[in-house]
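In what follows, a structure is listed as structure tokens, so that the remarks can point back to it.
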Protein chains: 2
Amino acid sequence: MPADLRTAVATVCLSGALEDKLAAAASAGFDGVEIFEPDLVASPMSPGEVRLRCADLGLSIDLYQPFRDLDSTDDARLAASYRRAEHKFDVMRALGTDTVLVCSSVAADAVTDRDRLAAQLHGLAERAGDRGLRLAYEALAWGRHVNTWDASWDVVRRADHPALGLCLDSFHVLSRASEVDGIADVPGEKIFFLQLADAPVLSMDVLQWSRHHRLFPGQGGFDLPRFLGAVLRAGYRGPLSLEVFNDVFRQADPVRTAVDGHRSLLALAEATAAHGAGVDPVGGPAPDLEGTAFVEIATGGDEPGLDHALAALGFARTGRHLSKPVDRWEQGRARILVNRSGEHATAISALAVESVDPAGAARRAEKLGAPLLPRSRAPGEADLPAVTAPDGTTLFFCRPGVAADWSGDFHATGDAADGVGVRDVDHVGLAQPFDQYDEATLFYRTVLGLQPGSTGEFAAPFGLVRSRALADPSRRVRLALTVSLLRRGDWAPGIPEPQYVALAVEDIVAAARAARAAGAPLLAIPDNYYDDLAARVELPPDRLADYRELGVLHDQGPDGAYLQVCTEVLAGRIFVALVQRVSDVDGYGWADTPVRMSAHRRQRLTRRQLSSG
Amino acid sequence: MPADLRTAVATVCLSGALEDKLAAAASAGFDGVEIFEPDLVASPMSPGEVRLRCADLGLSIDLYQPFRDLDSTDDARLAASYRRAEHKFDVMRALGTDTVLVCSSVAADAVTDRDRLAAQLHGLAERAGDRGLRLAYEALAWGRHVNTWDASWDVVRRADHPALGLCLDSFHVLSRASEVDGIADVPGEKIFFLQLADAPVLSMDVLQWSRHHRLFPGQGGFDLPRFLGAVLRAGYRGPLSLEVFNDVFRQADPVRTAVDGHRSLLALAEATAAHGAGVDPVGGPAPDLEGTAFVEIATGGDEPGLDHALAALGFARTGRHLSKPVDRWEQGRARILVNRSGEHATAISALAVESVDPAGAARRAEKLGAPLLPRSRAPGEADLPAVTAPDGTTLFFCRPGVAADWSGDFHATGDAADGVGVRDVDHVGLAQPFDQYDEATLFYRTVLGLQPGSTGEFAAPFGLVRSRALADPSRRVRLALTVSLLRRGDWAPGIPEPQYVALAVEDIVAAARAARAAGAPLLAIPDNYYDDLAARVELPPDRLADYRELGVLHDQGPDGAYLQVCTEVLAGRIFVALVQRVSDVDGYGWADTPVRMSAHRRQRLTRRQLSSG
């Protein structure tokens, strides 16, 4: 990492007790922390013990926060604030930190007059300066009178005290859609601290938005590279520090959250450097992707359904692995490995992408906190660099071309098949663990260089579901990530959501008919769906009849239609979809998700009832 | 139930497949349903089969919904809408329902001109009327041009067709803070349908508010009795139908959700009748409460910690049950039963309230869908009517007075104790199951006649927590209900949140000191808390020293202070708090919740580590 990039994280970002948070921050590679006062107050560690713990972990304490509601039109209340501050200065000395965050007041007695407010801040800065401490004044977006960065800067300038500077928080600035380029004109040495948070663009009360929905940089909708660029151009050289209040992060494993947050800062610094400010700690953009080399499905059981389905879908078993119980299936450019080594529950265990620079892509991934996966290999097998994604999927980086790097691992069977018209893998659908959704999006985006695409929210039979598409700029590698809006409980059946491989075809009806004739277990779609489709979309009657017969789902958008036929869920968790993009529509069939999910749920429940009955 | 009160529920309120929803609605006692189109589209049951299923279940199909974006400035699109509607009319005929909900358009091509819009609606009404069907036109709160009830009424009046009337939805009306009393002037026969939903008062995008946060009547902040009163005064005599989009309900057991929803309609009808409109289906207000008769703690184990703690807290074991392993402990007016019959994991298993009319209170509870609990009694034991709350707690109704109804169940031991100054039970704190929080609040409010009090949201060590207080008007019976803001997952340790009994004392320092001297396991509170308290509140030094020594938590509000001392968690899940309300403050110590939770979590984790290490 470049010497001048220091990273920090506020303890409030992470779940657990203070000791859990500090350990997580250190393990993720942060240089420092902000101590959030309630975390200290609830801790049995004294401030001196916290200082020692941080020193042991190699963490600096960069900020103590927050000090609220300093100023007052009531002199007695101001005096109480000064008294309260002296107590906090004692704590800071014991912690060994020199900067405290002072928020603009939200109280009814907050001072309106800027000179009077500046004088009160000056009085506190005088007390702080006497003890070798500094105040970083921050405009809360919901501050009573001071709620924009330029108002806070005006007050700091009027107060004109060396122990008083600004704290800039990207949420407070960007949630108000404030002008940010002017930040570059603030003298850098007067920006005492920088807090970074992203957020989804929501239309709601800003306090609630801030307290529940903040995200790490790159996970929301704010233009953080522009914001950070302005701060760096101003001359700020302090740490980049995360301050994120997020309901999910508050109850998720803090070690994972910390890794996610640290990655977000590296990716933000990279994006900001691309805009000409600061230094890129990652080292260049993600190498271009040219397609999917293979998708690996792991399944512990020896249920023949998966093989049978692949054969019926037109795949040929073209290879058997030299040393492992792995088969290679091929059709067109689509390659699916079925791994029966039995180490995992059924899942899409790996996705191999074709990269123009596999080694560079792996180095980049490692810099972004995705440690390289040690791969146990038999002699002569391909050495594919690989990392693990947050959802447990292995990502392999291969050279472009027909199985260039890894085909030597397989005995060729000589088998071939006519196929049903599958050209390639269209995309892979990965159901995400509840706690890792935003982490996963950021991971795939930054590590693979994918771009976020359309998103959707659907009423699945047992609760709302959110989906998000990601694709490389050429749209040769696509992913669809799905998560429950709320963590599922006892009522929603606890079987894992299915994952899928979508395969591109030119003629969905021909492909589905051929597959069905070969015995593919196509998913039954209710007649009601086709009655509704007929009401919504004018289709030729024979086309509608074909759809009804074969279970084609038809998602009509303004630019074209996304057509798909799904198999039943196979081996307990996987299905395969044949998809046709009419007019190259950039969709994923989101609108049909509830119908598809209901049908799969019905199939799986029926199977379970049959097997237990 | 009065003959003229008909209840219905939209299938979208409930989780599961269509057959789950219909079964749940019937089992909860609804008279009818609204069929939400996506539920039908995803179902393998044909409309005719749905009709038969509903008939078997005794449910009428009162509405088919929704029909969106009818009108258009583009004649071709209008023609497509009419064509689409004819398909839906076919479905309605097969379902055997005669009314379809037509929403105001949100589309870019929606018609602005009221007369043109009315003409287009008239055209559809003509087609509907020809087939014996009717259109209920509803103003969506986010409709492009029609988004208030009076705008929709203006359009319906202009269209002037017998097959066209209004659908009024309380969310769409009240979310816009519309004037509602004028609804009483609409001719009742032109109100074709009534949909009821409540919602918390939130400042956010109205569409998102509607799609995720609706609640059943009485669970939010809308004045539904006033709204319903106006509709009934207009002469509406159709069903009261629930249409609630709620993220939690969508993934919770539909049978429970349906019971909750049905209860909400009865309570709403009762409240509306109290305002002079409609008929009260419940039969009079909840009888007054005069206090807590007893709290029962069930614990399977024979761990002596609970008995030891009660004794050290000044309780005397005054009775032993005639036929069960149950002890009665007393101090002042506070009575705690410890039940070791071992049928349950440790919990506050029962709360007995003193009611001026126990039999009437039980009848009322039963009318509100809380079935009376069959109680296995030995001969000669008290026959206390009881119901089960959504969180599993049993509620007993007793006559006022010292154990009048139930003391005969116990052998008196003759024991007595000096006590530490406990006067009475102050309140009971019940951690709620994630899926039942809003149901529980409505249940305790309506069944016991409690009023909602303060609410709070806190950062517990492993995620956010929400608390809500309920009390009878005289504040002699108080409850605090707590729930996680998100369902907890793997990281947040899976031990159940503790429940507690808070005991009122006059002098917290004297009581805590006496209890500690007797060996009570008081919870250790960190020194950091007292350093912070000293900074926030000016307290005499010896008072602060007492607090620090004894672990007193001090929540200072504007009207007084709420002081508490907690024991450690006992028998795996329960703690006892001594509480003092300075100046009779109406608080619950919310601000100290994170510190208390952290300390309990530390205690419990330490115990577990010790016991597993």
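Positions of Cβ are set from backbone N, Cα and C atoms, glycine also.
Curation does not apply to TrEMBL; its annotations are automatic.
Some features that TrEMBL has for this protein:
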{"type": "BINDING", "residues": "A:Glu138, A:Asp169, A:Gln195, A:Glu243", "note": "divalent metal cation binding site"}
{"type": "DOMAIN", "residues": "A:424-568", "note": "domain 'VOC'"}
Q.
Around the divalent metal cation site formed by A:Glu138, A:Asp169, A:Gln195, A:Glu243, which additional residues qualify by having Cβ within 8 Å of the site's Cβ center?
A. A:Leu101, A:Cys167, A:Leu168, A:Ser170, A:Phe171, A:His172, A:Phe193, A:Leu194, A:Leu196, A:Ala197, A:Ser241
Q. Any idea what DSSP makes of A:Glu243 (divalent metal cation binding site), helix, strand or coil?
A. coil
Q: Give the residue counts of the domain 'VOC' (A:424-568) per reduced DSSP state, in the order helix, strand, coil.
A: 45 helix, 55 strand, 45 coil
Q.
Please list, in sequence order, the residues in the chain of A:Asp169 (divalent metal cation binding site) that are at least six apart in sequence and whose C-beta is under 8 Å away from its C-beta.
A. A:Glu138, A:Leu194, A:Gln195, A:Leu196, A:Ala197, A:Glu243
Q: Grab the pLDDT values for the domain 'VOC' (A:424-568) and give me their mean, rounded.
A: 95
Q. DSSP three-state call for A:Asp169 (divalent metal cation binding site): helix, strand or coil?
A. strand
Q) What does DSSP call A:Gln195 (divalent metal cation binding site) in the simple three-state scheme? A) strand
